[in-house]
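What follows is a single structure, written as structure tokens, with notes after it.
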């Protein structure tokens, strides 16, 4: 009985036609592939990309040198040096470095920050030729924040109900 069923299936090419109709069903659908360098797919507001330090609207940097991001970083990729207290009692950072080679993009630094100073922005295209270029200092992080501020603020506003 098994050989009869096997010969009927092979006679009528059951597997071939099943595979053919399956491939035809997907052949006429819209393609899922995009031409990457020229087209970019949608990025989630929660995407964790290149790090950035944000500023207040008046231009002052947000980081208050509380060092919570440095303490919570599981990869120990963040190094902060706090400056002396100012006349108004606040502190600012003198040095803020992130070693992006060590970073695991977990987002803990962003969640720990009480003033939303350090964020992971929408940029995922920051490939470099040397490892030294992946050592971000304060100036580079502030430049990233200035460059991506509009998108970062929009993403934080979209994600705010879930924080």
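Keep in mind that glycine also has a Cβ here, set from the backbone N, Cα and C atoms.
Positions annotated as [4Fe-4S] cluster 1 binding site by Swiss-Prot: 63, 66, 69, 113. Here residue 113 ([4Fe-4S] cluster 1 binding site) comes close to 68, 69, 119: these same-chain residues lie at least six apart in sequence, with C-beta atoms under 8 angstroms from its C-beta.
DSSP classifies residue 103 ([4Fe-4S] cluster 2 binding site) as coil under the three-state reduction. Positions annotated as [4Fe-4S] cluster 2 binding site by Swiss-Prot: 73, 103, 106, 109.
Residues annotated as domain '4Fe-4S ferredoxin-type 1' in Swiss-Prot, with sequence analysis given as evidence: 53-83. Proximity of distant same-chain residues to the domain '4Fe-4S ferredoxin-type 1' (53-83), defined by a Cβ-Cβ separation under 8 Å and at least 6 residues beyond the stretch ends, is recorded for 90-104, 106, 108-119, 138, 141-142, 144-146, 149, 152.
Annotation comment: Swiss-Prot describes 94-123 as domain '4Fe-4S ferredoxin-type 2', evidence class sequence analysis. Under 8 Å from some Cβ of the domain '4Fe-4S ferredoxin-type 2' (94-123) lie the Cβ atoms of residues 43, 47-54, 61-64, 66, 68-69, 71-83, 131, 134-138, 141, 144-145, 148, 151-152, 155-156, 163, all in the same chain and six or more residues away from its ends.
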Taking the Cβ of residue 106 ([4Fe-4S] cluster 2 binding site) as reference, which residues of that chain separated by at least 6 in sequence fall under 8 Å from it? 48, 74, 75
Using C-alpha atoms only, work out the spacing between residue 73 ([4Fe-4S] cluster 2 binding site) and residue 63 ([4Fe-4S] cluster 1 binding site) and round it to an integer in Å. 16
Cβ neighbour count (within 10 Å, all chains shown) around residue 63 ([4Fe-4S] cluster 1 binding site): 24
Fewest-neighbour residue among binding-site residues, criterion Cβ within 10 Å, set 66, 69, 103: 66
